[in-house]
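Accompanying notes for the structure given below.
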Amino acid sequence: MNTEPERKFGVVVVGIGRAGSVRIRDLRNPHASSAYLNLIGFVSRRKLGSTDGVPQISLEDALSSREVEVAYICSESSSHEDYIRQFLNAGKHVLVEYPMTLSWAAAKELWALAEQKGKVLHEEHVELLMEEFAFLKKEVVGKDLLKGSLLFTAGPLEEERFGFPAFSGISRLTWLVSLFGELSLVSATLEERKEDQYMKMTVCLETENKSPLTWIEEKAPGLKRNRHLSFHFKSGSLENMPNVGVNKNIFLKDQNIFVQKLLGQFSQEELAAEKKRILHCLWLAGEIQKHCRAKK
């Protein structure tokens with residue numbers, strides 16, 4: 001991406017919450033990947049007119065405009081599937097914040113649509129671009145896992161907007177799958193006290209070598225956003241995460257990956273491996289949801 005681009009892809013950002021605002025900032029600043037992208041405007045259900053000099057355009061205009069070739073989907077998770085389908089059908093490339101959809105079947109269908117249309121469908125996974133993950137990957141490589149656990153705590157999220165906890169927390173599942181390979185589900189339970197906005201999901205997983213992994217999501221008002229991990233190997237243990245530095249420009253790093261895909265710089269093998277991992281995580285999330293709901 002060091003050469004001067006021969007062409008720029010026109011981009012529209014759908015949704016301007018936290019992620020959408022960061023995307024707009026990165027698109028407007030001079031970066032190597034931003035040189036290949038031209039921010040046309042943003043789409044929002046709110047009537048804003050413009051933000052930081054970027055014009056608001058209607059969804060209909062974004063879909064029909066020849067100038068718009070790329071859509072960044074940064075809305076709440078429950079709307080992702082519909083937006084992806086509309087933009088792919090309109091012949092646009094799509095970058096979408098995770099989770100791509102709230103069902104494995106829908107994600108498979110949308111990937112098939114992207115392939116049929118010859119368009120890039122990219123699901124953002126900034127958690128794999130974090131300093132903590134890079135540290136963990138180095139720590140885990142070549143070691144035999146005996147058992148492990150990952151607990152994530154945070155404030156409550158609305159399930160209607162962000163999906164069942166296995167989907168809204170899919171970045172944690174993605175960490176485990178990326179570190180230890182494909183996993184199978186042993187059991188899953190959900191404890192809820194709606195009057196307190198309290199939720200605790202406990203998932204027991206297993207690696208291909210039958211090593212147990214426990215994943216817990218706990219959400220309640222006042223709970224600090226935190227990860228607690230514990231991995232035990234034949235050669236020693238890793239308890240909790242040391243301070244490994246600040247996560248800088250992780251959305252921009254994701255944009256760099258997306259632009260490389262637009263330019264055809266990823267091999268078919270790399271793309272297939274990424275797609276396989278994403279679909280595996282979405283399938284697992286769906287199975288976890290079924291297990292938890294069956295016990296209600």
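Along the chain as shown, the residues are counted starting at 1.
Each Cβ is built from the backbone N, Cα and C atoms, and glycine gets one as well.
Noted in TrEMBL for the protein shown:
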| type | residues | note |
| --- | --- | --- |
| BINDING | Ser44, Arg45, Arg46, Ser77, Ser78, Ser79, His80, Tyr98 | NADP(+) binding site |
| BINDING | His280, Cys281, Cys292 | Zn(2+) binding site |
| DOMAIN | 9-125 | domain 'Gfo/Idh/MocA-like oxidoreductase N-terminal' |
| DOMAIN | 133-243 | domain 'Biliverdin reductase catalytic' |
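Residues in the domain 'Biliverdin reductase catalytic' (133-243) partition by DSSP class (helix H, G, I; strand E, B; coil) as 30 helix, 49 strand, 32 coil.
Our reading of the NADP(+) binding annotation (Ser44, Arg45, Arg46, Ser77, Ser78, Ser79, His80, Tyr98) yields a largest Cα to Cα distance of 22 angstrom.
The Cα atom of Arg45 (NADP(+) binding site) lies nearest to that of Cys281, taking the binding-site residues His280, Cys281, Cys292 as the candidates. Rounded to a whole number, the distance between the Cα atoms of Cys281 (Zn(2+) binding site) and His80 (NADP(+) binding site) is 17 Å. Remark: Cys292 (Zn(2+) binding site) has Phe164, Ala166, Ala188, Thr189, Leu190, Met201 as non-local neighbours, by Cβ distance under 8 Å and separation of at least 6 in sequence.
In the predicted structure, the domain 'Biliverdin reductase catalytic' (133-243) carries a mean pLDDT of 94. Across the binding-site residues listed here (Arg45, Arg46, His80, His280), the residue whose Cβ sits among the most other Cβ atoms within 10 Å is His80. Neighbour count (other Cβ atoms within 10 Å of the Cβ, all protein chains): 30 for Cys281 (Zn(2+) binding site). Its own atom aside, the Cβ of Tyr98 (NADP(+) binding site) has 21 Cβ atoms within 10 angstroms in the protein chains shown.
Considering other CB atoms within 10 Å as the measure, the emptiest surroundings among the binding-site residues Ser44, Ser78 are those of Ser78. Put simply, Cys281 (Zn(2+) binding site) is 19 Å from Ser79 (NADP(+) binding site) when counted between their Cα atoms.
Cα-Cα distance from Ser78 (NADP(+) binding site) to Cys281 (Zn(2+) binding site): 17 Å (rounded to the nearest whole number). Each of the binding-site residues Ser77, Ser79 was scored by how many other Cβ atoms lie within 10 Å of its Cβ, and the smallest score goes to Ser79.
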